[in-house]
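Input: a single structure, listed below in structure tokens.
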Amino acid sequence: MESTVQKLTTFSKKNIIPILYILITFSLIFSYNKKYLGLSQDQIFKFIQVTDLIKNEYQSFERFIPNPEIDPNFTHKIYDPPFEHVINKKVFSVFPWLWTLINAPFYQFLPYPGLLLLSFLFGFLSLIFFRKLLLEFDFSPTVVYHSQLFYLLSTPLVVYSSWYYEATLCSFLLYFTIYQALKAFKPATNAKTTWLVVGIFTGLHLFLRVETGFFSGLIISMLLLFRWRSLPVKQVLYFLSGVIFTFVLFFYSNKLIYGIYEPLIVYDVIEHTFGFRFENLIGYLFLYRYSLAVYFPASFLSLFYLKNLFKNSEEQGDQLALFSAVWLFILTIPFVAAQEQGIDLTPRYLFPAIPLLATFVFRQLQIWKQINWKFYVVTGYSGIFILLFSILAIWGSRESTKIITQIAPHLASENITSSKYINNFAYGMPDKTFYLCETKEEIINFYNSLKQHGSQARMIITKIENPEKFSGDKNHFGYQILIQSFKKFQEIETIPNKRIIFENKNFYIFEFTNQP
């Protein structure tokens, strides 16, 4: 009996991180409402991609529009840039089509939680290969353990794993690719084949999230730079061949799917100025509400480790390459991505680098011979943000579900809405179609147009309070937008011949009793 208990104890200690991951992730998944009504922001658009792909019988990734002849020029479009774009008179989402394609069968097979299975699985695998990678870089077991614990508790890994979010697959690809690259340096491996695979996997990030591919390329480039004297040229060529192959495949697939070669995400960042990008960098480091300095202030302790790396550069060349790549990524990705952080309570686009950055922090604390509780303080402080993020995710899921459950029974198959604010809920109702009309005249004219096509639409109007009730700068552009929106709302309220079907604090739904 004792031997069994000892074995279980040993197993638990050895696998405590994966066990914790499974328990925390599943507790979060089952804290959400057991429907897809509670998805928020990016997830909504990715979910609608899956349902549209199924409706299109896997023939097209465009938005499924039941009656395309009603609004062929998208004059009253409900699609929402930067999440969606009209390309060649079709609406496409900017989110990765590959993620949609591999998840759709899971959704069909197991509607809930089928759409979450892959994000959960790849979150688990990324945690496993993160450990393998750190051991390959010769970090001590203590540093590896605390780095894994930080990755689990103090980054959005669990939240992303409990969502329909491709970040977990990207993290797995990142750590797996770098791990394979390190193994390819060893003489006993079939280096040519391994480097070809590493190149293909690095390029594969293009199909998912460009920033993790950029990070993977940075790390491998630094490793190659630090080892260039001992690395045969042919191996580098195999790596480049793999990258080029996936680059060509990526642009060719874009042409087949969208009719253009460039990825749609380009349209979101191409017009940003250098000034905006530089402000984004300073924001990510210091000024944003959840900047690196706020969410993970201990991260800057890693800079002290640089002195140690330079002093022992021959023995720790790989670690120096990794350290250089991590900080290069942190300093350049705000320029490349050029997007502000989303709803995460962390600097979102730094997510792939944060666990590795934490590793260098723990290594420096180890050099300073800090006692163990200080390791937990670092993890615990950043973990507070993730705890709040998790609570916010649960609350948002339930609140969104509650609102959709209230309004959905009162809507028709075709609906006119007065504001893009409905987007947050409209995409939770993929069986209904929404058209955007922002003024009284637009609503009446488009309603009559719908009647000519045999549709009996209902109107869902977003309530807007009088901005003059609130204190603040009356000259601020945001205040001016609110004033304009409130005036439109007042105008819409004067529409004649309407019968209110449903009303709450956010919306009211009505239909016309006679020709308006």
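Residue 1 is the first one shown; counting continues down the chain.
Placed from the backbone N, Cα and C atoms, the Cβ positions cover glycine too.
Keep in mind the model is a prediction, meaning the values are calculated, not measured.
As annotated by TrEMBL, transmembrane segment applies to 16-32, 109-130, 150-175, 195-225, 237-261, 281-306, 318-337, 349-368, 375-396.
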Cβ contacts the transmembrane segment (237-261)/the transmembrane segment (281-306), at least three under 8 Å, sequence gap 6 or more: no
Contact check, the transmembrane segment (150-175) vs the transmembrane segment (375-396), 3+ Cβ pairs under 8 Å, seq sep 6+: yes
CB contact flag for the transmembrane segment (349-368) and the transmembrane segment (16-32), at least three pairs under 8 A: no
Maximum Cβ pairs under 8 Å to the transmembrane segment (318-337) - stretch from the list 16-32, 109-130, 195-225, 281-306, 375-396: 195-225
CB contact flag for the transmembrane segment (16-32) and the transmembrane segment (281-306), at least three pairs under 8 A: no
Contacting positions for the transmembrane segment (195-225) when only residues 6+ beyond its ends and CB under 8 Å are counted: 96-99, 166-167, 169-171, 173-174, 176-178, 180-182, 184-185, 231, 235-236, 238-247, 249-250, 253, 263, 265, 318, 321-322, 324-326, 328-329, 332-333, 336-337, 349, 352-353
Same-chain residues near the transmembrane segment (375-396), Cβ under 8 Å, at least 6 residues beyond its ends: 28, 31-32, 38, 40, 146, 149-150, 153-156, 158-159, 162-163, 290, 295-298, 343-346, 358, 361-362, 365
Residues from the same chain, set at least six apart from the ends of the transmembrane segment (281-306), whose C-beta lies under 8 A from its own: 154, 323, 330-331, 333-335, 340-341, 344-347, 349-350, 354, 357-358, 360-361, 363-365, 367, 378, 381-382, 385
